[in-house]
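Notes follow the structure.
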């Protein structure tokens, strides 16, 4: 089922949590809402589910306006960060709950509900746990049961709110792969919220990067990593180094010297900020148009060495990443030029 | 959260790293012996001096049986009423914010603090045939004061805080997400309450019922004013005990007391068993 969010605004009391957000989700897509806390990602998810009502704007399921339909009518599967399982019910009763509360006419028979619960338990790779209580399961198992419960009602959309947020790193990685497999097997349109960019980039078909109640960028993992369209996305996704620069005469300048980066996409003249990835730099020997700085610190981080440089009279600091054994790590002065970069005008 | 299998047989709990298990257990036993066991044992001892035939005669005396029926019957009815309305009061206090909420919250405890005789007199004045409420009920043919109904009302007053205060913290613990989960799964409000919320509250509600019931069985001060104390109709067992004492019939008094003790103990034991069963299931 396609989901279309159209100019949605949401205010809590007078505090705006979302400003005119629009988003098209294709049928069968796996979408990640990624952002720091307070960015409005969970609010957007809850609006789609119907757990909140938009202050303005519409939410369409297919071509029907669902904005003011009740949660029960929307038929969405929602998975909560802390599972929200019913602890007085067995695993099988938890999974069957959504079918059991249907009105008599559409309610499957008891045996059918039981069979469906067993099927779903097999799908989420927890066979044989029908008669356990949630308290007897581990966190990872509980979250699998929660997903099975959400899928039991054959939802139009599957919504997951930080589904792996409460689990430890090992289990998270395992469940990530597992969720991808389930998505491929069932083809549900799925939206999940996360603040973990690794999770979002690895898992999602498209990533929606959010900040301060606005969508900053929507794109594939490659799009948002290689072609960030805003300073926020550049800074939020992956590592980045920044340097205050000036744009003039089609060149990027650092303290009155051009650094050999010609402007190609029409950034206006004036003060700006240069963004680049610390590991995407070319080291240069002689400096006719480059960034040169004094080494002030050098740290070993996993497989690379991070070198902190002080640039020019302004003593701005930037970080670059070098291979461990690189000769330049012994030098006191390093000249480099970013291979891939972007300048954003300083507001 | 009990993931361990049911304990096999009786065993001492393994002492924790914090020392003092022996000392605290010894203290608890000595304390309970002094405060509870010795007086109760004295009671049984005294009634045992009566002899089986006499004891049986007192126990099956119609006035005793009626008094016990009134005591336990009204206590159960009042506790049931309190379970329903106490849970609603607790729910409102936890879930809604309204002006005066703190005052209502504090008011719930008043029956704890008020001398029971004051409560009894106040209720009698209200519900007597010429009282504010009594004169409204009179034309409808409902007589409250000086009937078992009056006893029930006094016991509802006395027992309310027990239910509210045991259920309230459990309602506070209910995760809002659980209700939202039920809603996304298609459950309407009523289904959410009956299938998700109430089963979760059940152990607390049972505890509240037990406390209110136990309090009601033993209540004396407020009841004697509103009950009218007609033998065979609205005379409660504690009053009958006092009457026997005033007649210097100590044996009969202790016999009735022993019967009350036995019945109360049996009922509370059953309630406790129900609870430990539900706790084992829901963890």
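Even glycines carry a Cβ here, placed using N, Cα and C.
Features reported for this protein in TrEMBL:
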type	residues	note
TRANSMEM	B:21-45	transmembrane segment
DOMAIN	B:68-269	domain 'ABC transmembrane type-1'
TRANSMEM	B:72-94	transmembrane segment
TRANSMEM	B:106-128	transmembrane segment
TRANSMEM	B:140-164	transmembrane segment
TRANSMEM	B:196-214	transmembrane segment
TRANSMEM	B:220-243	transmembrane segment
TRANSMEM	B:250-274	transmembrane segment
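Note on the transmembrane segment (B:250-274): residues 40, 43-44, 46-47, 49-50, 54-55, 58-59, 64, 67-68, 71-72, 206-207, 209-210, 213-214, 217-218, 237-238, 240-242, 244 of its chain, located 6 or more positions outside it, place their CB under 8 angstroms from a CB of the stretch. Take the transmembrane segment (B:106-128) and the stretches B:21-45, B:72-94, B:140-164, B:196-214, B:220-243: counting Cβ pairs under 8 Å, B:140-164 has the most. Long-range contacts of the transmembrane segment (B:220-243) within the same chain: residues 62-64, 66-68, 70-71, 74, 115-117, 119-121, 123-124, 127, 144-148, 150-151, 153-155, 157-158, 253, 256-257, 260, each at least 6 residues beyond the stretch ends and with a Cβ under 8 Å from a Cβ of the stretch.
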